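Heads up, the thing below is written out as C-alpha cells.
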Amino acid sequence: MAVVCSKADWFVSSCSSTLVAINLKESREPFVFDCAKAEKKPKEADGDDKSAGDGPEEKDSDRILAFAVSASGKHVALTDDHKRLVLFGTEPSWQCISTRWVVRRCTSLVFTQAEDEVFVADKSGDVYSFSVLEPQKPGQLKLGHLSMLLDVTLSPDDKYIITADRDEKIRVSFRRSPYNIQAFCLGHREFVSALLVPAGHPDWLLSGSGDGTVKVWHYETGRRLHSADLRQLGFDSENSDTEQRFAVSRIISSPDGRHVAVQCERFPSVQLFMVDSGTEGCLNPAETLTLPLAPWDMTFDSQSQLWVLLESEDLNVLLYRYSEQHWKLCHSETPELRRVTEALQTQWNVFQGSVGLESQFKHLYKVNFDNMASYLQKKQERLEQETKKRAAANGSKPNKRSKTESDAVPQNTS
C-alpha cells in the first residue's frame, strides 16, 4: 500500500521498498531511497533478534512498513520489514544519517515537536524512543500494551504519548514517565486504526476505528466530545458488501485547523468536516468528495491544499483547493502538481505492485462465534447418543413383563 505525507516543502510517498521525496517549490530531482540497497543487519545482531521470538523473517522483503516526517520537514524516518529504522536529514540536501534496528516490526512512527526524538510503535504492543540528536544511540523501551499497536501520536507540547491498539483502547501516558497513565479514551467497538491531534485544538484527539466511526475526545480526561458515524453519511450505500469491513484508514487536518478529512479503506470518496470553533469538539459534515478510484492515501500541504493519491498510473494524484465554501478539483496544471505527477509516473514500477492489494485491516476484526448454536447442536448429538445406548442396552436384556404375561395366557383346549 502506498502512503503519502506533506510537510514544509516536501511531498513524501512510500510504496513497497521505495521512498520518494518531491520538492513542491523547486524544480529538483526527486530523492529516491530503496530499502533493498540499505545497510544490512550484522549477523550477531540478527541472531539475538531471532531469539526474541518475533517469528520467521520474510526473505527478501524490504517493504516499508511506516514512515514519518518531522513538523519542520528537516527529518524523515522510516522502518521496514527487515526491522531497520533509517533516519534522514533533508537540509541542505537529503542524506541518510543513521540506520538502527528495532526489536519488532513496526506499525507507526512519530517525531516530537522538538524533533529530538522519534517514537516507534510495534506489533507486539511496545513503544520505543530513538534519539535524533544522537543518531547512533539504541532505542529505549517506553511503554507497552497487551495487544498490537496500530498508531501512536504525541500532544503538541510533547507532554503525552497517545497510543491506540487492536483491542479498542486509546491510552494517554506521560512522555517523561510513561508508566503513569493520564487517561483512557474508551468507546470504540473495533480496533482503533487512526489518531490525530488536530491543528488549532491542542486538547482534542480524533480517532478512527474499524467500527466506521470518528470520535473526538478531550484526551487529558478521556471524555468523549463527539462521535460521527460515517455510515450515516452514505459511505456504505454504494457497496453493501463492505459493511463488515468498514475501517477508517486516515484522518488528517489542514494546517489552518478549519478542515478535517477522513478516508475509509476501499471507498472511492473522502469525507470533509468543518471544525467547530467552540470547545465542544463538534465536527460538522461539510462535503463528500467522490473519486474515480479508491484512494491509497491523502495529505494536506502547507497551503491547506488536499492531495489524494490514487491507484492509477494515468491519474495518480488529485489536488483539491478550498474556494467559495467548497472543495474544488484543480484542473489547471500547477507547477507543484506537474512535479508530483511526473515523479510518480517515473516511479510507477514501484507503485504498480501495490494496486489491488487486500485489506491491511482484514485480520484485525473481532471474530464472532455463535456459542449457543454450537452448544445446542452438541447437546442434541449427546442426547441422541444416549438414547441409542439405552435402546441397545434394553434390546440385549429379556423383557420380564412380557415373559410373565405370556405364561399367564390360558391354553386353548378345543
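Even glycines carry a Cβ here, placed using N, Cα and C.
Per TrEMBL, the feature compositional bias 'Basic and acidic residues' maps to 380-389. Taken from TrEMBL, the feature region 'Disordered' applies to 40-59, 380-414. Residues or ranges marked as repeat 'WD' in TrEMBL: 185-227.
Beyond its flanks by at least six residues, the compositional bias 'Basic and acidic residues' (380-389) meets no residue of its own chain at a Cβ-Cβ distance under 8 Å. According to DSSP, the repeat 'WD' (185-227) comprises 0 helix, 23 strand, 20 coil. Along the repeat 'WD' (185-227), the predicted structure has mean pLDDT 95.
Assigned with DSSP, the residues of the compositional bias 'Basic and acidic residues' (380-389) fall into helix, strand and coil as follows: 10 helix, 0 strand, 0 coil.
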